[in-house]
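A.B. asks: Sharing a structure with you now.
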Amino acid sequence: MLLRCHLKRALPQKVSCRFCAVMGKLQSKLKHSTYKYSRPDGFRDERIQTKAFQEYSPAHVDTVSVVAALNSDLCVSGGKDKTVVAYNWRTGNVVKRLKGHEREITKIACIHKSGQFFSASRDKTVMMWDLQGSSQPRQQFSGHTMVVTGLAVSPDTSQLCTGSRDNTLLLWDVGTGQCAERASVSRNLVTHLCWVPREPYILQTSEDKTIRLWDSRGLQVAHIFPAKQHIQTYCEVSEDGHKCISCSSGFGGEGCEATLWDIRQTRNRICEYEGHFQTVASCVFLPRALALMPVIATSSHDCKVKIWNQDSGGDTGSSPGLGGSHMPRSN
């Protein structure tokens, strides 16, 4: 017997409301679409899909290059307008606008559960800011000869590691602003840094296609992961410090992958997540509270964000506008 199911789409209803925020106009729009399914047994199933979004007035006057979470209510962003902005994403209010850099902001690192954070810039400097302090930087770190492209704060917040396209990593005393250690590796154009939780180790990606693990005690290379075929653009360490993930540049599906590594025991590749068609710009471990299984998110220049099941690569589902999941290639 041939069963036919007819889908009839009702006219969408639109509801809009407008109200003002301190920083300017805030628009909140709700869109409702009703779908009715007619089955051969006469049963009619009606489902309602709701899409909601909010639009806030711009916090910057030019391209936003980086954003980081300070706490559950505040985020900090920086961009080509040379400005660092602390922003309450729930209300749409700018909490503080900070100026001090002479060129574009490239990286931001926050000290969580505090009002302090760091910003790096193409002006070769790093500045430390405090929301409870003045609008002037609390500390300035100058020592690189090219754009600063990596920032990582130690778990006890006493040290700051910075990396640059000048092939160097610098380790700073946050309290004094003095450089404690300097390390240089030929062709090591740093793309990102992150500190391993509860450990003295710093993970670093580079344009030389290499992922390095540094020991902050003397700032020496502790391990070099197996070389990749493309530039490594970003890295992230899991909350338990057992795994890390890196992502690659590429084009047309060549490269464009994220790679999961064992950082604690074998330090070998666990699996690769392939499915993007252009450079993967960032990758993160999503909080376990958001899913029943451990999941990873990647964003790419192909305008897609993909959600991956960390262990199996199965389809975890995705929000509207996000790319679907793909199977990884395991070791």
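Backbone N, Cα and C atoms are what each Cβ position is placed from, and that goes for glycine too.
Annotation comment: TrEMBL describes 98-139, 141-182, 183-215, 273-318 as repeat 'WD'. The region 'Disordered' annotation in TrEMBL covers 312-331. The compositional bias 'Gly residues' annotation in TrEMBL covers 314-324.
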A.B. asks: Work out, from DSSP, the number of helix, strand and coil residues along the repeat 'WD' (273-318).
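C.D. replies: Going through the repeat 'WD' (273-318) residue by residue, I get 3 helix, 19 strand, 24 coil.
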A.B. asks: Could you tell me what the rest of the chain brings near the repeat 'WD' (183-215), counting residues at least six beyond its ends with Cβ under 8 Å?
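C.D. replies: Hits for the repeat 'WD' (183-215): 107, 149-155, 161-165, 167-169, 221-225, 227-237, 239-241, 244, 246, 261, 263, 267.
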A.B. asks: If you run through the repeat 'WD' (98-139) with DSSP, how many residues end up as helix, strand and coil?
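C.D. replies: For the repeat 'WD' (98-139), the helix, strand and coil counts are 0 helix, 22 strand, 20 coil.
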A.B. asks: Residues of the same chain, at least six outside the repeat 'WD' (98-139), with any C-beta under 8 angstroms of its C-beta?
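C.D. replies: Residues 65-71, 74, 76-80, 82-86, 145-153, 157, 160, 162, 164, 172, 174, 177, 192.
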